[in-house]
Each structure stands twice: as structure tokens, then as C-alpha cells.
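Report on the following structure.
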Amino acid sequence: MMKLAFDNVSNVTCQKNSTCIFLCYATPVVLSGIILTFIGLLIGLIIILIKKLHSTSIMNSIFMVITFIILIIGVGLLNLHTKWYEIIISVTVDTTMASLAILLGVKLRVPERKLEIILFSIWCVFGGIGIILLIIGATLHNHYVLDASWISWWCAMLIVIVCTAYYLCRSGKEEQSHVLYIIFLWFYEYIALIVLSQFSLNSFIDCHWNSGKTE
């Protein structure tokens, strides 16, 4: 009887932990924020990958500004129900780590080819682990695994910031004519970092910490 009662409590707790991961994202406002953020990040990635969109033409500038607006609205809606201390933790940690990543990228004095191999290898490790854990966590509705997947992608994003700082520093004079694109690039990477940390904090605090209090 005691074992059966314990199993029931364990199952209820596990169900609550699984439900809380997706519960807040199911609301129309937050879901709209997720969709807009995803669209903004996708458009931003296209801008970054296509070199013709880096120039300061009127159409490119409008394209970047529209993407700015989509990302700002998306992240705003996404964080509408986020607890204030989660936002403070996220912004503080993300700003600190992004600044350190930029500083590291500026200070690096490694040959370009060698650095590409090192950074790409590290990025693949974090990115690959993130994808695997995301699939497993989403399938099992396990917030511990999902939290680990967001952290892995967050680390991968820091590697991207290091790489960006390195290349912008090496080609400083050449890139000075594309001020809007550089601003857009840093804004895009910082937003991606914040979104990943918000998902991680939501998974850990809302599902792990709060469920621990109610047990």
C-alpha cells in the first residue's frame, strides 16, 4: 500500500512537471510571441547568411528594421507572463557572458583557419547535444532534459558571439560602412541568447524549483 501510494505521488509529481513545461506556452499571447520570435530569428538568419543583404541599401535597411520590430514584439509577448526575477537573472547573466564572449573574440590571436576548426568543432558538440536532448526531452516531457538542451544551445550561441567578435575585429575597417548590419548582427545574437536562457530558466525555476516547493 505504501509503495502504491508513493508511486501515485511520484506519477502526479512527474505529470505536473511535464505539464508545466508546455502550460504557459499554450496561452494565445505567449504562443504568438513564440511564433513571432521564431519568424524573426529565421528572417534574421537569412539576412546574415545572404551577403547581398549586408549592404546599406534602402530595401536592406527596411528589411532589417522590420525584423528588429518582429523580434522585439515577439520577445515582448514571450516574456509577458515571465516572472520579474527570471528576467533580471536572464538579462544580467546574458549581458555578462555576451560581454565576456565579445572580449574573448577581440583578444584572440589564433590563426583564422585553426580558430575556425576549433570554434566550429565546439559549436557542433553543443549544438548536437542540444538537438538530441531537445528531441528526448520533448518526447518524454522531461523538464530536466529540456533544461539541459536549452543550456547546450545557449553555450553554442556564446561560441557564435566569440566568432562574430573575432571576425569583426579582424575586418574592422571593411565592416565600418555597414553600421546597421553590425548593429543588427549583435542585436540578433543577443536576442537569441536571451530567448534560450528564458526557456532554460522557465524549465528550471517553474518546473523544478516551484514543484519542489509544492511537494
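Note that Cβ sites are derived from N, Cα and C of the backbone, with glycine treated the same way.
Long-range Cβ contacts of the transmembrane segment (29-50) within its own chain (Cβ-Cβ under 8 Å, at least 6 residues beyond either end) map to 60, 63-64, 67, 70-71, 73-81, 181, 184-185, 188, 191-192, 195. Per TrEMBL, transmembrane segment is recorded for 29-50 (among others).
Look at TrEMBL and you will find 62-81 (among others) tagged as transmembrane segment.
According to TrEMBL, the transmembrane segment annotation covers 87-106 (among others).
Per TrEMBL, the feature transmembrane segment maps to 118-138 (among others). Tertiary proximity for the transmembrane segment (118-138) is limited to same-chain residues at least six positions away from its ends with a CB under 8 Å from its CB atoms, namely 110, 144-150, 152-153, 155-156, 159-160, 162-163.
Among residues of the same chain six or more beyond the transmembrane segment (150-168), those with a C-beta under 8 A of the stretch's C-beta atoms are 97-98, 101-106, 108, 115, 119, 122-123, 126-127, 129-130, 133-134, 175, 182, 185-186, 189, 192-193, 196-197, 199-200, 203. Taken from TrEMBL, the feature transmembrane segment covers 150-168 (among others).
Marked as transmembrane segment by TrEMBL: 180-201 (among others).
Sequence-distant contacts of the transmembrane segment (62-81) (same chain, at least 6 residues past either end, Cβ-Cβ under 8 Å): 24, 27, 29-30, 32-41, 43-44, 47, 53, 87, 180-181, 184, 187-188, 191, 194-195, 198.
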